[in-house]
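Per TrEMBL, the features are:
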type	residues	note
COMPBIAS	195-214	compositional bias 'Gly residues'
DOMAIN	65-149	domain 'DOMON'
DOMAIN	244-363	domain 'Cytochrome b561'
REGION	182-232	region 'Disordered'
SIGNAL	1-26	signal peptide
TRANSMEM	241-259	transmembrane segment
TRANSMEM	271-295	transmembrane segment
TRANSMEM	307-326	transmembrane segment
TRANSMEM	346-366	transmembrane segment
TRANSMEM	372-398	transmembrane segment
Amino acid sequence: MWFSKATAVAAAAAAALNIGAASAAATSFCPNTGVCFEWGVPDATAKAGSGDIFFQLKAPTSWQWIGLGIGTSMPDSNMFIMYQDGKGNVTLSTRPGANHVMPTYKARSDVELLAGSGVVDGNMVANVKCSKCTGLDFSGQTNWISAWKSGDSLDSTNPAANIDQHDNVALFQVNLAKASISSDSNPFDGSSTGSSGGSSGNNSGGSSSSGGGDSDGDGDSDGSGSGAISGVSDNSSNQTLATAHGVLMSVVFVILYPLGSSLMPLIGKWYIHASWQTIAFLGMWAGFGIGVFVARQEDQFFKQAHTRLGVILVCLISLQPIFGLIHHINYLKTQSRGIFGHLHCWYGRALMIIGIVNGGLGLQLGNAPTRYIIAYSVVAGVMSFIYVASITLGWTVLRRSRQQPKDASSS
């Protein structure tokens, strides 16, 4: 009897030690309050340089969705998005990153949602196993990207559900060599209860208690000692600068340039026109500088239509003051518009139109909310009407002024 009890105690202790060994070295990181991630790499995977990796996504249910991706930026990342399914569980959606548009679902047979996943104590939890994840360095640093969005629950079991743009993003590196676990099994589910998710990574996981992880939201913690998390940064400053770029360039191309061009036919004072357009010109360069900085930070410079067209547009507009100066000098001599006068006029009009179109491409690139797109379109439409009206009015006044001397000479 005594032997039997001793054996049972020893077995229980061994099981406890085994569970502890499986998860003790798991590495966790919380980039935002309550938004936490944890990783575990089996020894066999670390030795082979490929194989299974386990990671956990955890966040309060006040968040609409959270995502974790492998890569240095959204376009080149493999993303794992978690949101509530409306039935007490969570949906895991595997999505390849896209070029500044919302990623769309793509099924993966190597991704499995494990036991312990679900809505647990007010938190969404996804325990994930990936068997063929690429871009991982099991002996050193691996780049990861994460994002999250607050709001009402999606309540969807559809892995292809539409998601809104994130509130924020964090980029960081994880030393997977410090996330080693002894067993090739789920290190996050200590109870072994709860239903497991679908093997394709697109099903809802069962609701159950989840394993470890730093849930205090104060920052990173790792179960294998310091140094597992490094290179932490977020894009909040980039988002602020991107917004500043968009607002400034919209004001320049949709408001300042058209109004400045309208001053000549309406007022006829070249120095007022030149001063106004100089202010717009300087504002354009300020906005361009901000845009270049953000594009380089996001590794997007000259890689899609908006940034390419923007660079070309700014370079072409740089010729416009030269054409205007030559036109003014010739006009003082000949009192006629001449070739450079027509070039300055129509060249500028064409560039303003291209600038407004490129602003729309910028809104698309930044995945701007519909209300911003509507506001931009309305203001652009109103300013276009004002500009055309000013040209028409100026042309009418000029025609009448030329007609009066003829009428006077004939009478």
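Don't overthink the numbers, they just go from 1 along the chain as shown.
For all residues, glycine too, the Cβ spot is worked out from N, Cα and C.
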Can you name the far-off residues of the same chain, 6+ from the ends of the transmembrane segment (346-366), with a Cβ under 8 Å from a Cβ of it?
100-101, 242, 246, 249-250, 252-254, 257-258, 261, 300, 304-306, 309-310, 313, 316-317, 319-320, 323, 372-373, 376-377, 380, 384
Against which stretches of its own chain does the transmembrane segment (307-326) lie, if we need a Cβ under 8 Å and a gap of at least six residues from its ends?
274, 277-278, 281, 284-285, 288, 291, 295, 300-301, 340, 343-344, 347-348, 351, 354-355, 358, 361-362
Limited to the domain 'Cytochrome b561' (244-363), I'd like the whole-number average of pLDDT.
94
